[in-house]
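What Swiss-Prot lists as Zn(2+) binding site is C13, C16, C31, C34. Swiss-Prot lists 74-255 with the feature region 'N-terminal cyclin fold', giving similarity to another entry as the kind of evidence. The annotation region 'C-terminal cyclin fold' is assigned in Swiss-Prot to 256-366 on the grounds of similarity to another entry. Annotation source Swiss-Prot lists zinc finger at 4-39.
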Amino acid sequence: MDEEDAGDFNERCAQCSEVNWGLTDGGRFYCRTCHNVIERTREVVSTDVIPNARVQTISKGSRSQKKTDEGWEWYVCEGFQLVLKQQAEALEALGVCPQMKDEVLCNFWRRYLQKSQQAYCNRPAGETIKALSVCDSSTDMDSEPEQHSLLHFLSVSESDGDLQTDCSYASSAGKVSESTSVCSGSVDGSLYVRKNRKEKLRMSMPMTLSFCYMALLWLKEPMTLSDLLRFVVEGHIPYFNAYQHFPEKMKLYGLDLRIFCVESWPVYEEVYNKMVELAAFLDLPRFPDITDNCFLHPDVLCMKYLMEANLPDELHNWTCRLVKKTSIGEVDFLTLTPGNKSTRKVKYDVLAAAVIVVVLKLLFLLDDHYEWLLSDFSAEGNKNNKEGEGGPYFEFKKWYRVIKCTLDVEQKKLDEEKAKYLWKCEKPLFYSVKKKSKILRRRQMVENLQIQFGKLSGSVQPAGRPNPSSFLLSWSEESTDGSCFHGHSLKGILQEKHGLLTAINTDYWLCTDKLCNEKLCGHLAHYREEDFPKSYHFVLRLFSFLLRIQPSSIHEEVCVIEHKLFNKKLYKKPKRKRSLRK
């Protein structure tokens, strides 16, 4: 830019007190002496279209920083945007599609800001606006509105609101007084907590995971919600103390910690329900179809969970038959359609686990009696089948012992890790430069004392976080101890009938005769461990450990599948007796 354009601006620089201004290509005033870039509104008189019409532009500039060392002025939604950015980058590092952050999650977030009246919206006349630029990142948040397009519905037109090309945020409550942010480091922290206390879809840390899962589901990524939450707990995805990665000038204290500090494990049901509500709130269209070659299809997920549960590969044929029989593999059933209240939303991982449980009930009954008889029968068959043609017969009793031993060890390890988890931030929080060195010295002293006491007590130092894996349990067919059951045969519990292999077991017990009203009870079925056989509870416990959810969630899905499978028998209308005419 020409020096003459900046010549009319004679204010002294706040940093060096010099009057030596220039203009960048973006129209921002900067000090040539100390290179400080400031916010500046300049009026340009244009006579090309309308005579004497004035056009105002607000340059991005540097954030206003208080004379004290309190840091930048920032809004709560900026903090959540940074968290989402960190989570998206972590997911990309785990192998998720690179388009997730820029082309999907970014647009979901923009849509949410517009729908919640936090940005990209018309502002009331006379409202004082403090434009705050978004932190520079590789998310292309500062790109022109024409460049972000997930679908046509996500492109925000000019009629939809005043779209700020610099993605500046402004509080929807208007001018935020200095007294508003006394109890928080952010500008609108106290206002956010007070205003959003009764709002159903207010932004929260669990909702960041709902955003991530919604983006994963849109892209049909091979990652279930249970996988996502497990990666969060293992530390591969920022969630606990995510605010420690905020820029140093974004000070957090008071109510900010109440918003961004997490001291509880993410709950599957909460994250999933918020995702469904969020998709409807954003008016998203029908998600991409879940077809039979998609990872989230029950046929594919059943194969994964059969391997992880150390069950025979032949069970996959039975799970596929059950999926086809109950029509739960249909595209319309599996695909999420936001806002459609007539269709039940699918939890893909829970559905696949429930399918396996129903198949085990069909074959082994799981009544604490019949499965052991079948196991003894298979053991006799293995003695007679010494050559091992077609693989050894599957013995439920042997499988139970192997899995129970492994499950008890892994469950104990998980419980200990959760009990020892320190809900503290690795990066100490300080709100004054004067106190920074004092706090750092105190933290270093505490850590040194912990190391010394640990050595004296002989406690084992916690191992680093495990490498990310889609499998919690792995079983090798090359093991010589016979602990892998993948190649075992089901012939010991099957019989040939009319040229087809059918189960020897012809009985079945239902978990419930009638499903509850979900709107009234909150659940379709209820589960109490003492009301069901121990074998059934053991299988539920196994899959609840693999998915990190409550056994009641899988039990509820089992009840739904059973009612689909035995629908005709359960709701068969009695025939009316014909009265004989005289």
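Each Cβ is built from the backbone N, Cα and C atoms, and glycine gets one as well.
Across the region 'C-terminal cyclin fold' (256-366), DSSP classifies residues as 63 helix, 0 strand, 48 coil. Using a 10 Å Cβ-Cβ cutoff, C16 (Zn(2+) binding site) registers 13 neighbours. Note on the region 'N-terminal cyclin fold' (74-255): mean pLDDT across this stretch is 72. A sphere of 10 angstroms centred on the C-beta of C13 (Zn(2+) binding site) encloses 19 other C-beta atoms. Same-chain residues at least 6 positions away in sequence with a Cβ under 8 Å from that of C31 (Zn(2+) binding site) are, in sequence order, C13, Q15, C16, E18, N20, W21, G22, V37, I38. Secondary structure at C31 (Zn(2+) binding site), taken from DSSP and collapsed to helix, strand or coil, is strand.
C16 (Zn(2+) binding site) carries neither a helix nor a strand DSSP state and counts as coil.
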